[in-house]
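Presented below is the structure to which this report refers.
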Amino acid sequence: MGLKEEEIVACRNDDERKEDEELGLAMAQAQQQQQKQLQWFAVGVTGSPLQPRKLVVGYALTSKKTKSFLQPKLEGLARNKGILFVAIDQSKPLSDQGPFDIVLHKLSGKEWRRIIEDYRQTHPEVTVLDPPDAIQHLRNRQFMLQAVADLNLSDSYGKVGVPRQLVIKRDASSIPDAVTKAGLTLPLVAKPLVADGSAKSHELSLAYDQNSLLKLEPPLVLQEFVNHGGVLFKVYIVGEAIKVVRRFSLPDVSKRELSKNAGVYRVPRVSCAAASADDADLDPGIAELPPLPLLEKLAKELRRQLGLRLFNLDIIREHGSCNHFYVIDINYFPGYGKMPEYEHIFTDFLLSLVPGKYKKRSC
């Protein structure tokens, strides 16, 4: 039995309405999908469309630091996580470059400090690692350890302090009297006053007697030598992440050795990666790492006081003590390339600086 004309028209209208509804739904779904894509895709740094939106990190580093830090493994992992490292051209105005989400820098000089500080003021949306004034604070060993000394950190996990020290800015002939008046005990470790990351700033000397003090070259810092079993703990801090490695250090000095030795002994740079003690057969009392809760508390307080997120601490344990530690040096943006698993730690840190803006990708 055939349909009447009115019924045929009604069926056709129903079908058209259904098609219109399906078309409208499909268009709505397409628009939603496009919006989702637009949230993730944007014009890339090179200007080509539909490139994944990158977390752009502009870096201004010395050629030496660039080579040691931006290793192929780090750059490859960063790409997989949506992070793009872009070199800052120091011959062009910084504000004309980018746009950057993060600026990573470790350059010296008043002019660079002025440039990066002006950039921080005019681009508050960009995370600058780290403030130039805070970095400058660590370039002078007269003030470097003051934040640790002010903490006077002591709890159930141990005590953290700094060795007694004396600053000599000029006139080597005054050093013996100044040491006597300060009540410092020999031997003394002599370190350059300026810690600018250069090879010279890492040169150390060990002075065994009063006469040898006259041979030192100011400006410098004199620190009391603390016997520590010849092992130093290098504590890397990347934001809230902490990584500790062992390094061989200067050997202990006994009273007998002190009485037999005289003069100034130049010592090679200690705590470098080549001096790793992680796999050495050491006395457990010497090799045991500082308690993590103590380091976490120390790092948290120093991040706050120093205003820095990228630094490391050189820590020693007083020989014969299980929980008395000394911070003997603090370095800004240290050699992270020597830190185990630094690629994962550092890329996760960079992504954490812009939560919600970029999705983490599995590598």
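Yeah, the Cβs are placed from backbone N, Cα and C, and that goes for glycine too.
Pulled from TrEMBL, these are the features on record:
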type	residues	note
BINDING	Lys65, Lys106, His202, Lys234, Asn331, Gly335	1D-myo-inositol 1,3,4-trisphosphate binding site
BINDING	Arg141, Lys191, 223-234, Ser249	ATP binding site
DOMAIN	154-359	domain 'ATP-grasp'
BINDING	Asp314, Asp329	Mg(2+) 1 binding site
BINDING	Asp329, Asn331	Mg(2+) 2 binding site
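Each residue contributes its Cα atom, and for Val231 (ATP binding site) and Asp329 (Mg(2+) 1 binding site) these two points are 14 Å apart.
A simple way to gauge crowding: the CB of Asp314 (Mg(2+) 1 binding site) has 19 other CB atoms within 10 angstroms, across all the protein chains here. Between the two most distant C-alpha atoms of the annotated 1D-myo-inositol 1,3,4-trisphosphate binders (Lys65, Lys106, His202, Lys234, Asn331, Gly335) there are 20 Å. Neighbour counts of Cβ atoms within 10 Å were taken for the binding-site residues Phe225, Phe233; the minimum is at Phe225. Nearest Cα neighbour of Phe225 (ATP binding site) among the listed binding-site residues (Lys65, His202, Asp329, Asn331, Gly335): Asp329. Separating the Cα atoms of Asp329 (Mg(2+) 1 binding site) and Asn227 (ATP binding site) is a whole-number distance of 16 Å.
In this view, Arg141 (ATP binding site) is surrounded by 21 other Cβ atoms within 10 Å of its Cβ, with every protein chain counted. Summarising model confidence by region, the domain 'ATP-grasp' (154-359) averages a pLDDT of 89.
Looking only at the binding-site residues Arg141, Gln223, Gly229, Phe233, Ser249, the one with its C-alpha closest to Gly335 (1D-myo-inositol 1,3,4-trisphosphate binding site) is Phe233.
Packing around Lys65 (1D-myo-inositol 1,3,4-trisphosphate binding site) is summarised by its Cβ count: 19 other Cβ atoms lie within 10 angstroms of its Cβ, all protein chains included. The shortest Cα-Cα distance between Asn227 (ATP binding site) and any of the binding-site residues Lys65, Lys106, Lys234, Asp314 is the one to Asp314. Of all the binding-site residues given, namely Gln223, Phe233, Ser249, Asp314, those whose Cα is no farther than the 10 Å limit from the Cα of Asn331 (1D-myo-inositol 1,3,4-trisphosphate binding site) are Asp314.
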